[in-house]
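What TrEMBL lists as domain 'ABC transmembrane type-1' is B:67-257. As annotated by TrEMBL, transmembrane segment applies to B:12-30, B:66-92, B:104-129, B:135-154, B:183-204, B:235-257.
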Amino acid sequence: MTTAEMTAAKGASLSRKEKWSRRGPLLPALIFTIIITQAPFLATIFYSLHSWNLLNPGSWGFTGLSNYADVFTDSEFYTAALNTVIVTVGCVLVALVLGLGLALLLDRPFFGRGVVRTMLITPFLIMPVASALLWKTSMLDPTYGLVDAVLGPIGLGGIDWVGEYPMASVLAALVWRWTPFMMLIILAGLQSQPRDILEAAKMDGASTWQTFRFMTLPFLRRYIQLAGLLGSIYVVNTFDEIFMMTQGGPGIATTNLPFYLYQRVFQGFDVGQAAALGVVVVILTIIVATFALRAIFTAISGKEVSE
Amino acid sequence: MKRRAGGTALTIIAWALGILFVFPVFWMVLTSFKQEADAYTDTPTFVFAPTLDQYKLVFDSGLGPYLANSLIATVVSCLLVVAFAVPAAYALSIRPVKGTKDALFFFISTKMLPVVAAIVPIFVAAQQINLLDNVWALVLLYTGMNLPIAVWMMRSFFQEVPAEVLEAAKIDGAGLRTELTKVLLPMVAPGIAATALICAIFAWNEFFFAVNLTAINGPTVPVFLVGFITSEGLYWARLSAAATLAVLPVVIVGWIAQRQLVRGLSMGALK
């Protein structure tokens, strides 16, 4: 029986005072988080119902839902939403597959495993702004970049990757940064796999592929799911790579919702409209996140039941 | 025999991929020791006379205050996160009552809200209370940004503590304070370190709030990198030196503490 179960069993018979003394330690964190994360959002809702342009102090006034109407009649909004989906799904899926592959490679002992793992972790530690710079200049530059130097001899030289394939360029930098994150979580899963069962499977004559397909993969499912969900939470908010590599362009080819919103606030200075856009983005995210959170809790409670 | 050959092949593939993933970083460091002329060669070159000129130029252009701001924002926000998250994780795991599961759900759900959606009121509020262009605004925001993840991770570490240990402490007559400082905290200390490490990485690398809320007095290292491009044009070697200095602290700490890093990420996700 775990600590949590024991105390939960006792929890039913606690006095009101005892319950509050137990909740007490939670309150500072709870209150701080509410103030920092929820208060601004409530203010965002309030602003979204008003017209307010920072460059025009006299512009304040209640406008009802007209800011929302503006959001939904703006075609750029739909492009930005679609780009957000492409960036998130594309990056998370590719990083997951690569991460799984790398984790499997690292799960067996070999010469220099620690060094290889250190090398593979590095992109996750790199400041995203520096990573974006690195990709835009040293990697993808059409004349001096390393990619050009490698692909030039096979007839793919002189391509302005960021200019001509902006989405693919951003995705390359993002996948590079997030693959190690996926690998770390899946590797931890692999290493917590009970070895004796794998041994037994081998004794019973299961092939490597069979063991992987029918034992390792189902065991890893929760880890893969959670790596994907955690990754999505962060990738959906991608801003740094887009700001540094493409500024959302060319045109709006790589403008995702976070960058679009940023432009609205800091270039348009139209607080009311930006706020309405923010509320819409949050609602969209909540819809997606509800499914994600449900999956997390199914995974967690599934584990508790099985133990 | 066939098995051994297959193993060698896998080892070579692992090494090749490891080198491939780290190569852009290696290249950045290499470029930082070049003269600008060596950085712009049509075929990228490995052969050049190394120089520290670029690092000197970066420091002369005033990296110092940015480093100081980043250090304040990272260290203070991490201390605050630990101070808030340890009691919260304790309440959520060792002595949970009805409603704590909801609190856990709430903490995770805040990570799903896009930060950009809150930037308008945060900008206005910072302006009103005179925290615009002030590193302490970043300290507060980074604490808020990392606290939910920290509570979540630390709870999983607290749950690892066997109930018997706490029962034994109680039978021995340990009060709440002794139970906390003598029994619990030493056992979860590695977990707290892992959590703090992950929060530090996110705080040091954070860009969105930093670039939008600070300008002259409070900007951090990522803002320095951006400003460096726009004010100086694109000097690759110098930029590489600046970027190398910017990523160095986190990369070194991350390399040293990679075991904790793996543990923190996977435990936070799955316990």
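All residue numbers here begin at 1 and follow the chain in the order shown.
Placement of Cβ uses the backbone N, Cα and C atoms for every residue, glycine included.
Nobody curates TrEMBL annotations by hand; they come from automatic prediction.
By the Cβ criterion (distance under 8 Å, sequence gap of 6 or more), the transmembrane segment (B:183-204) is not counted as touching the transmembrane segment (B:12-30), fewer than 3 such pairs being found. Taking every listed stretch (B:12-30, B:104-129, B:135-154, B:235-257) in turn, the largest tally of C-beta pairs under 8 A with the transmembrane segment (B:66-92) is reached by B:135-154. The stretch from B:12-30, B:135-154, B:235-257 with the most CB pairs below 8 A to the transmembrane segment (B:104-129) is B:135-154.
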